[in-house]
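Database features, via TrEMBL:
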REPEAT    177-207  repeat 'PPR'
REPEAT    211-245  repeat 'PPR'
REPEAT    246-280  repeat 'PPR'
REPEAT    281-315  repeat 'PPR'
REPEAT    316-350  repeat 'PPR'
REPEAT    351-385  repeat 'PPR'
Amino acid sequence: MSFLLPKRTPLLSNTSFHLLLFRPPTHFSTSTANSSTAPPQETTAAAISNLVLTSTDRDTLSQVLFSPSITWTPHLVDTIIKRLWNHGPKSLQFFHILLHHPVYCHSSSSFDHAIDIAARLRDYKIVSSLLHRLRSIRLGPSPRTFAIVTERYVAAGKSDKAVNLFLSMHKHGCFQDLHSFNSMLDVLCKARRVEKAYNLFKALRGKFHADVVSYNIIANGWCLIKRTPKALEVLKEMVERGLSPNLTTYNIILKGYFRTGQIKEAWEFYLEMKKRKCEMDVVTYTTMVHGFGVVGDIKRARNVFDSMVKEGVLPSVPTCNALIQVLCKKDSVENAVSVFEEMVSKGYVPNSTTYNVLIRGLCHAGQMSRAVEFMERMKDDECEPNVQTYNIVIRYHCDAGEIEKGYWASASSPVHAKYLSAIAAKVINLIFDDSM
């Protein structure tokens, strides 16, 4: 594996930091003002979306949509399609009605949205029709259009059809390039159709002049299906072809080792990276902390976290989540709470995963009241408890025989009815256990 690592890279900062005495994250404002009222176009989009959903007569709906009082724009149309995303047939009905509008013409982005919905519904007749329509009006299809369709084909188990579509892009007036080639490889690999991706890669890498991104995609695919030796072979070939591995390459290998349980190899690779002064990022350290945490090696997980802070790499929320999870499972929940509080004091915003990991740790330690307090704190921090949160709290209440508390915890859940049957089953089990 030494062939992957560089012989020399710039030295990292020697600034010393103590555990958790890291810099707070930088916050950026995403809005300039708070508005209590929605923009006019958003209000229009909401009204039209409701109209489409409730309409039972296509002709009447067409008359309304063709009204000159509505000023159609690509943004308005796209917004309505997105609002109707979970109502695919209605969204497509809206799109098709506007195809016949006397003045307005759909944009390429609206076509892409409609094609995506049709492909998700596996209505390939509509997909084909819209692709031909795009070409006939000289709007496309674009590489993005083909990326959408190929991804949907692969998700539907039609990887052969996806590859054939990619190979026939030029017949639709859209020529393949390195970016579209990499997109196709990525879709196949993420769907774990790595053999097919690798065969396509071997056949066309010369034509498209495969780059480091191409090789990383294939290597990551092999790692996803736990075939790390194949990933190393691909990356060795990359080096032999004169391409230099990057940090993404190293992170892929680290994750691959942990995924296959090769903890020793992961540690040795990490140490070799440090020895050769490779500049590591937050992904590298998070991978290490999480990987060692999964196998219960808390000492090395904390050492890696300390090393990250010492090198001046700013931890991310996922990094802190990984450390909190390690502490909850293998060390002390009190230490996990301390890390959480330090994280908050430095300006980090915990997400639902952070809270759920800590709440589970408190429940497992028998500190149910504190777990409930943290669930209330989630609400105060505008991080609404999710289904996983309620699952944790209700389960531990019921396991402790606190059925009433489990019921009241479920009462505030958005899926209250789902939990009632689970609680009822727990009560029945307790009754039978007591009668034995």
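Residue numbering: from 1, along the chain as shown.
Cβ coordinates are placed from backbone N, Cα and C, and glycine is handled just like the others.
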Handout entry: Integer average pLDDT (0 to 100) for the repeat 'PPR' (281-315)
Key = 89
Problem - Secondary structure composition of the repeat 'PPR' (211-245) [DSSP: H/G/I, E/B, coil] - result: 26 helix, 0 strand, 9 coil
Handout entry: Helix, strand and coil totals (DSSP H, G, I; E, B; other) for the repeat 'PPR' (246-280)
Key = 26 helix, 0 strand, 9 coil
